[in-house]
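Swiss-Prot annotations:
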BINDING   Gly9, Ala10, Gly11, His12, Ala13, Gly14, Val120, Thr175, Gln365  FAD binding site
BINDING   268-282  NAD(+) binding site
Amino acid sequence: MIYDSIVIGAGHAGIESALILAKKHNTLLITGSLKQVASLPCNPSIGGPAKGVVVREIDALGGIMAKATDLAQIQIKMLNSSKGPAVRALRAQIDKLEYPQIILEILQNTPNLTLLEGLVNNLIIQKNQVQGVCLIDGRKINAKTVIITTGTYLASQILIGDTKKASGPNGVPTTYGISTQLKEIGFEVIRLKTGTPPRVKKNSIDYSQTKIQMGDNLEQTFGFLTPQTTKRPQEPCFLTHTNQTTHQVIRKHLNQSAMYGGYVEGIGPRYCPSIEDKVVRFCDKNSHQIFIEPESLYLNEMYLQGLSTSMPQHVQHEILKTIPGLQNAKITKYAYAIEYDAFNPNQLKHSLETKKIQNLFLAGQMNGTSGYEEAACQGLMAGINASLKLQNKPPFVLKRNEAYIGVLIDDLITKGAKEPYRLLTSRAEFRLLLRHDNADLRLKDYGYQLGLIDKKDYNSFQNKKAKINLLLEKSKNYEILVNSDNLSYLKQQNSASLGEKTTLAQLIKRPELNFCTLQHFLQEKADKTIYEQVEIQIKYEGYIAKAQKEAQKLARLEQKKIPSKINYADIKNLSKEAKEKLDLIKPQTLGQATRILGVNQVDISILLVYLEKHHALL
């Protein structure tokens with residue numbers, strides 16, 4: 001039997017790929033262990049700055065992460081709620097036992113999708129085109145497309161102190177065949193590192209020495225159509241801090257750390273450093289935050305966010321004894337570092353298909369990213385583009401002004417990765433356009449056009465969009481007269497009086513007024529989220545228009561295509577570094593070329609002149 005597609009790995013990238021492909025194609029999902037499907041080997045949370053927006057983008061395009069998160073969440077918060085809408089994002093603590101179970105049940109009940117427990121040894125490749133896979137037991141399985149989403153399981157090693165063990169997270173076996181084969185073909189393999197903190201028994205913590213961190217009482221969910229009936233009581237988190245005594249212990253044993261003892265080859269994540277890294281790099285700080293987070297409603301176990309380390313086990317005990325609330329904490333699982341093989345993503349097209357091998361796609365942490373959300377959105381896009389390839393249709397590529405997903409993939413392809421890449425709001429030049437609140441308005445039309453959103457969901461979205469447009473129009477035309485009722489209302493809101501009549505749209509631009517003012521005057525039946533959307537579009541109208549204008553400028557550069565057969569060595573006055581980088585990345589547009597490190601504005605001007613002069617010949 002020949003499958004339309006094989007997905008290797010059932011982590012957060014693999015499940016999104018498989019579910020998208022199974023909507024239209026006969027798909028095989030291969031995993032080393034069905035018990036590890038959608039596992040959460042690091043923090044038991046989904047979302048956060050930029051990442052939370054990505055989860056909503058995944059939902060708008062028909063992915064599963066948002067829905068599963070809503071069902072498994074045990075605490076939810078809106079981050080940066082006091083700041084502007086461009087940086088707001090949801091973050092949820094999720095039950096690490098429930099989440100994988102929810103995903104597994106969905107996979108098992110998905111038509112066109114077969115689950116197989118096994119390990120892939122290598123790929124079947126003929127004439128630079130992937131044809132299927134070979135398992136370590138000798139079985140060969142053919143497929144028209146293959147997506148590799150092996151996460152941190154390629155040639156992975158667990159490190160604690162001076163001990164090394166060949167293993168993936170949670171004791172799942174590592175594999176070497178795929179990375180060895182791709183290296184022999186000519187792929188650039190990079191060695192990366194990440195880590196995880198110790199877990200401790202819930203009932204061994206002295207919570208009186210910590211500060212409780214409750215969730216927010218929100219109506220919002222990650223999924224745009226998640227019913228409110230899924231809500232349940234929230235679990236608290238707790239905050240404590242390291243201190244100078246903690247730091248003395250760490251400095252004393254620094255050479256015993258796997259990282260500082262010289263046992264780690266891989267490069268670690270810049271934005272999620274180990275506790276020993278924090279102590280060394282930020283020596284002026286007297287303390288560092290440690291968040292104590294529940295792992296599950298069904299486990300007597302807490303996760304110590306901020307205490308990632310590769311120190312020996314006895315040192316981990318010593319460190320805990322110095323931290324308020326954790327002096328008598330019993331460790332249930334020791335912290336460790338893990339290093340693994342990944343592939344520099346500049347070897348991929350924007351569709352996430354490899355440049356060297358046709359019909360082979362790579363997605364997730366193996367592309368040099370960190371985080372469940374970054375992995376999931378890559379899996380989604382690889383699944384969509386593998387499906388389009390099977391249908392002989394052009395790839396689906398999101399622009400930087402359309403989605404954080406577009407920012408992430410463009411950064412990976414254009415700049416490559418030498419360290420684990422984390423998505424940040426600061427990476428998006430159009431972040432005011434890429435908000436948490438408008439992910440469906442930006443992307444759901446695409447989801448429907450691609451056949452990923454059903455008619456019922458799309459009709460619900462269309463109704464929402466119509467309601468927003470109606471309220472926007474009414475706000476612009478609704479006159480606020482200077483009368484006693486209106487003046488009294490403004491006084492109650494601590495807002496300045498009116499000297500002359502105005503429109504509701506003009507009034508709502510006052511910083512002290514919000515969507516409640518819209519509800520007060522319009523009296524239209526609509527969800528709070530709809531009123532909030534109208535408020536944002538009115539209040540930030542000028543800034544949004546400016547961002548859209550800048551996006552249009554970028555679009556003009558993106559429309560200037562660079563022919564694939566161009567020879568950069570022939571372009572006089574182009575810097576040597578620019579020639580090397582352009583030849584390596586092979587940008588498809590002038591816009592992409594502007595974002596390549598080592599290519600400056602002078603190089604772009606020279607390239608533009610060359611393209612215009614030699615247009616007919618290329």
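Glycine too: its Cβ is placed from the backbone N, Cα and C atoms.
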Message: If you count, for each of the binding-site residues Arg270, Lys278, the other Cβ atoms lying within 10 Å of its Cβ, which residue has the minimum?
response: Arg270
Query: Can you tell me how far the Cα of Ala13 (FAD binding site) sits from the Cα of Cys272 (NAD(+) binding site), in Å?
result: 20
- prompt: Of all the binding-site residues given, Gly9, Gly11, Gly268, which residue's CB has the most CB neighbours within 10 A?
  reply: Gly9
- prompt: Considering the binding-site residues Ala13, Val120, which residue's Cβ sits among the greatest number of other Cβ atoms within 10 Å?
  reply: Ala13
Field: C-alpha spacing of Gln365 (FAD binding site) relative to Val280 (NAD(+) binding site), in angstrom
entry: 27
- line: For Val120 (FAD binding site), the spatially nearest of the binding-site residues Gly268, Arg270, Cys272, Glu276, using Cα atoms, is Gly268
- request: Measuring CB to CB from Cys272 (NAD(+) binding site), give everything in the same chain under 8 Å that is also at least six residues away in sequence.
  value: Thr194, Ser308, Ser370, Pro420, Arg422
Message: At a 10 A cut-off on CB-CB distances, which of the binding-site residues Glu276, Phe282, Gln365 has the highest count?
response: Gln365
Task: Using only the Cα atoms of Gly9, Ala10, Gly11, His12, Ala13, Gly14, Val120, Thr175, Gln365, which the record gives as binding FAD, return the largest interatomic distance in Å, rounded to a whole number.
output: 18
Task: Quick one: among the binding-site residues Ser274, Val280, which has the most Cβ atoms sitting within 10 Å of its own Cβ?
output: Ser274
Task: Just give me the nearest neighbour of Ser274 (NAD(+) binding site) among the binding-site residues Gly9, Gly11, Gln365, Cα to Cα.
output: Gln365
